[in-house]
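Report on the following structure.
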């Protein structure tokens, strides 16, 4: 299983602290002995990138990471995931990948999605899980970080269950 994960704005590379490590741990637990590769997208994660609708260079990097996973591991199950601005990268990268790469993505999970309500291009809605908390201004199209936007780590176990159900 190959997870390509984009962290949120201002989080430390490679997978941040608020969601990435929790999701990785939950998946390791749920997958038992299956091989898991959990890769962070190498991008700036700056406020400017968020305000642009997701860092353009990071979006291309994520598209490249997904393409590389599909091409180099023909039997791998692929997951595209992100938190906050990372969710913008998930949306943007889905528009940049080929249809053959998109067909290889088993599951998409977005936490605190700034693009909440928008479909993920080329991915069946049944394979997409968008998690937004009540009161999260980011999910409502705003730009204010409130407490509900900082607690998505608690949703990692349910997200991992969703991912495993799509493998």
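Start at 1 and count along the chain as shown; that gives each residue its number.
Yeah, the Cβs are placed from backbone N, Cα and C, and that goes for glycine too.
What TrEMBL annotates here:
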ACT_SITE  84  active site, nucleophile
DISULFID  132-139  disulfide bond
ACT_SITE  136  active site, nucleophile
ACT_SITE  149  active site, proton donor/acceptor
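Looking only at other Cβ atoms within 10 Å, the busiest spot among the disulfide-bonded residues 132, 139 turns out to be 139. A sphere of 10 angstroms centred on the C-beta of residue 149 (active site, proton donor/acceptor) encloses 23 other C-beta atoms. Cβ contacts within 10 Å of residue 84 (active site, nucleophile), excluding its own Cβ and spanning all protein chains shown: 31.
The distance from the Cα of residue 139 (disulfide bond) to the Cα of residue 149 (active site, proton donor/acceptor) comes to 8 Å.
Of all Cβ atoms in the protein chains displayed, 25 besides its own lie within 10 Å of the Cβ of residue 136 (active site, nucleophile). In this structure the C-alpha atoms belonging to residue 84 (active site, nucleophile) and residue 149 (active site, proton donor/acceptor) are separated by 8 Å.
Residue pair the residue listed as 'active site, proton donor/acceptor' / residue 132 (disulfide bond) shows a Cα separation of 8 Å.
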